[in-house]
């Protein structure tokens, strides 16, 4: 509400998350790597001018460019640094007092004959306090000197970034005898003078000297860890240097997780067209609704004054037309997308970095598990992986994944490995569910394919347009979409083998197994042939869907990470349906799946397998190595869970309606979290209510879940209209959709050309 100047917040306010993670007020700070720092500062000249504290900041800043730099050389002299590969020059100039010498150096930069630095970081005061034994005369002279320097700094600020670093507090108990006169009271007086004098002549001008006051807040928390009571510990200096890097580089590099100092991105052509479309939909719906209301009032029943009886209306209330339903859905969707845009593209709401603690992840997990148990009901059917059970499975997995994302638990490897299994379990259900449908129903019609593709992709396509993000950014939807098409192609191509045909001749079962073996061979080949995989998905227009940051590596990595689990789901469905057909399992209410002895043995091995995997995942030390093993072993825990959940008759006969409710909107929850629960494309957390973290999470979660539920209903309503059962109507709709995507590709190409 105070405005969108996140740079000012970054330089002046914030708090610590834990011991070392600094959180600026209202925005997110990016952690710059050496390569990023070099790209930002290429051909730049940066000058640090001041005392020993500024020298410390200089070294921390230089180490962001080259971590190998050592703090050596003349402490009371100038120190140069140059990175020839990126043509970066960073100089420290030793001017421990604000005096005539410092003024002369600063004045030289204002003269046209001298090259002006791109960034100037200045600050000094403690030496003046020390040399003059903290006298009031020294403070008066400091005010005079800084008054003479201020116009020069303001002149430089018109074309350069100029920062004045306020003096950090000291830890008086640790100061040596020669520094005892440097008190926090004196430092506050010097800081107050600097703030009052700087920018006094250009308060309403854009050319301002930026006051770097956040260092004071950082020092207040960490100065007691100082070695001498005067100089900051290394971690605090590094934080200050990272803040400087964010202030200057975020507007240049535009990192996703660095919202501080980033201007609001301009609307693209496609976003503008989407805005007009939703606006016209809202206006159109309001007009139709108004007409219907007027018609309803005209035909409303009125009281016969003579008889005192009500007369029935001559015309009954008309049914909702297709056009009205369409406009109503787009009207709601337009309002929801406005909220999406305001949350994650406009600088209206605050965003904060994630910070992981064990309690922030495990306490909510225990809480939702207890809630889930309280909402236990009987299932309508007691088959293995019945509808209520799969909804429940999706629901609790989605809730765990949401908590994993908001708590930043990806930094804790054991949790990361278990979450990988949950993502794999979603894909396992994709293989199991679609295979079962095609195998039992034998329905390979276009209607079924279009229905599935529409329900999977509708929300993501809208978000790609509104949020200006590539399709691959929402990686899970492309993943399940491609796997659905692979399952469809595997079973639909000649010879089409379905259960009805296989029941007539057992040899068809072997034919299907042969198809599955061919599929497994193709998966194995593509997983070890990155070149072949990238060639397939680099063809236009596929490349427009699967490229991220100019290449398809991210798509290959995501696909490879769970490459076998869909096949495992298909194979499990085939074996289960074969056992069910031959009545080798008992699925009656309360009955164990197998005989008591077999059931007990299978449950024992399932529990051991489940725990063994968890122990292995918890002992992981290297993410890359564990990711290599994950595709082959994740199915162990998935199968173990299915057997534990389904072998006992009572366990199979009940389900949690709480988890099942979330399971029905799990896809919408997974996608919506990117922008209206998390922030900065999942890198941070959306802050609707600053200063109250728990209350903020409750409010943002409530809105987030309601929006996901509403989008699920909108998708179902539109699916009936966009994908009708009548083949001729469906063909016309498909031609319209093809035209829509052709136009989208054309506008996208125009956007890319204008950007380049």
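Note: Cβ is positioned from N, Cα and C throughout, glycine not excepted.
In TrEMBL, annotation is done automatically, which means it is predicted and not curated.
Per TrEMBL, the features are as follows:
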{"type": "DOMAIN", "residues": "22-92", "note": "domain 'NXPE C-terminal'"}
{"type": "DOMAIN", "residues": "253-734", "note": "domain 'Cas1p 10 TM acyl transferase'"}
{"type": "TRANSMEM", "residues": "273-291", "note": "transmembrane segment"}
{"type": "TRANSMEM", "residues": "355-375", "note": "transmembrane segment"}
{"type": "TRANSMEM", "residues": "395-416", "note": "transmembrane segment"}
{"type": "TRANSMEM", "residues": "423-440", "note": "transmembrane segment"}
{"type": "TRANSMEM", "residues": "446-466", "note": "transmembrane segment"}
{"type": "TRANSMEM", "residues": "473-495", "note": "transmembrane segment"}
{"type": "TRANSMEM", "residues": "507-526", "note": "transmembrane segment"}
{"type": "TRANSMEM", "residues": "561-579", "note": "transmembrane segment"}
{"type": "TRANSMEM", "residues": "599-617", "note": "transmembrane segment"}
{"type": "TRANSMEM", "residues": "659-680", "note": "transmembrane segment"}
{"type": "TRANSMEM", "residues": "692-711", "note": "transmembrane segment"}
{"type": "TRANSMEM", "residues": "731-750", "note": "transmembrane segment"}
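Same-chain neighbours of the transmembrane segment (473-495): 423, 426-427, 430-431, 434-435, 438-439, 444, 449, 452-453, 456-457, 460, 463-464, 511, 515-516, 519, 545-546, 548, 554-555, 558-559, 562, 566, 570, 667, 670-671, 674, 681, counting only residues six or more beyond its ends whose CB sits under 8 Å from a CB of the stretch. Recorded stretches compared: 395-416, 423-440, 659-680; the one with the most Cβ pairs under 8 Å to the transmembrane segment (561-579) is 423-440. Mean model confidence for the domain 'Cas1p 10 TM acyl transferase' (253-734) is a pLDDT of 92. Only residues 6 or more beyond the boundaries of the transmembrane segment (599-617), in the same chain, are considered here, and those with a CB under 8 A from a CB of the stretch are 414, 417-418, 421, 592-593, 626, 633, 636-637, 639-641, 643-644, 647-648. Within the same chain, residues 267, 323-324, 327-328, 330-331, 333-335, 337-338, 465-466, 747 sit at least 6 positions outside the transmembrane segment (273-291) and bring their C-beta atoms closer than 8 Å to a C-beta of that stretch.
Residues 270-271, 274, 333, 337, 340-341, 434, 437, 473-474, 477, 480-481, 484, 488, 667-668, 671-672, 674-675, 711, 715-716, 718-719, 722-723, 725, 727, 730, 734, 744 of the same chain sit 6 or more residues outside the transmembrane segment (446-466) yet have a Cβ under 8 Å from a Cβ within it.
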